[in-house]
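**Student:** Here's a structure for you.
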Amino acid sequence: MNLISIPALQDNYIWLLSNKANRCVIVDPGEASPVLNALDQNALLPEAILLTHHHNDHVGGVSEILNHYPNLPVFGPKETAKCGATYLVEEGNTVSLLNSEFSVIEVPGHTSGHIAYYNAPFLFCGDTLFSAGCGRIFEGTPKQMYESIQKIAELPDDTVVCCAHEYTLSNLRFSNDIWPEDPDIESYLHKISQIREKSQSSLPTTLGLERRINLFLRCHEIDLKRKISNEPENIENWQVFKMLRSKKDCF
């Protein structure tokens with residue numbers, strides 16, 4: 001499989017995953033023109049569109065893409081039914097595309113019906129998990145979002161995490177502010193600062209890396225609990241997550 005990231009809008013990434021037969025899936029097309037250009041430049045024929053949630057920066061290009069490929073199936077959660085989805089999927093479903101299987105994982109929090117797609121080693125997680133961070137909680141609860149991220153954390157270290165936004169640098173600055181003496185965060189902040197100065201992408205990431213530099217995956221660690229709570233022995237992991245997310249919202 002070959003993975004292509006397509007910069008779109010202000011800081012989005014649309015993902016293309018293709019096989020050796022030059023067929024591909026399009027994930028979260030927030031706008032159409034960069035997708036159509038990428039398909040043309042790489043001589044790819046789309047087999048389907050996969051949607052993770054209903055926000056316009058993830059679905060805004062669907063209708064125009066369908067104008068060019070009118071029979072293209074569009075998979076998504078129930079909340080995307082009005083956004084062009086023709087096949088509604090949920091936890092436990094598998095989608096057969098590219099002679100392969102994409103497992104559907106429900107990850108509510110950012111939106112109430114948010115899903116992710118997993119085709120080892122690739123995880124398309126929309127706005128649930130970011131590099132060094134996680135999505136804002138618009139429709140779900142902090143506990144829901146924590147549990148969704150814990151689902152993702154069960155996947156292998158070599159999972160290729162395909163996030164939908166270029167937020168890595170700001171997330172690392174926040175993490176470094178919370179935990180300035182963490183060597184992994186400090187080192188990766190320096191690396192990503194250099195990458196972004198060259199306008200290069202920081203994505204995709206891997207779950208193994210995120211376990212080290214993403215505080216939202218480290219809410220069980222007592223040292224982190226001491227950073228954000230006066231009663232670290234008595235706070236539950238999801239409450240650590242809630243406090244971290246609240247601090248990030250104000251950062």
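Cβ coordinates are placed from backbone N, Cα and C, and glycine is handled just like the others.
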**Student:** Kindly point out which candidate in H165, H190 is recorded by Swiss-Prot as part of the Zn(2+) 2 site with D57, H58, D127.
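**Tutor:** For the Zn(2+) 2 site that includes D57, H58, D127, Swiss-Prot also lists H165.
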**Student:** Quick check: of H110, H220, which does Swiss-Prot put in the same Zn(2+) 1 site as H53, H55, D127?
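**Tutor:** Given H53, H55, D127 bind Zn(2+) 1 in Swiss-Prot, the matching entry from H110, H220 is H110.
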**Student:** So around the Zn(2+) 1 site, H53, H55, H110, D127 aside, which residues have their CB within 8 A of the centroid of those CB atoms?
**Tutor:** T52, H54, H58, T111, H114, G126, T128, G135, F138, A164
**Student:** Rounded to a whole angstrom, what is the C-alpha distance between H58 (Zn(2+) 2 binding site) and D127 (Zn(2+) 1 binding site)?
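**Tutor:** Computed Cα spacing between H58 (Zn(2+) 2 binding site) and D127 (Zn(2+) 1 binding site) is 9 Å.
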**Student:** Let me know the most crowded of the binding-site residues, choosing from H55, H110 and counting other Cβ atoms within 10 Å.
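**Tutor:** Result of the Cβ crowding comparison: H110.
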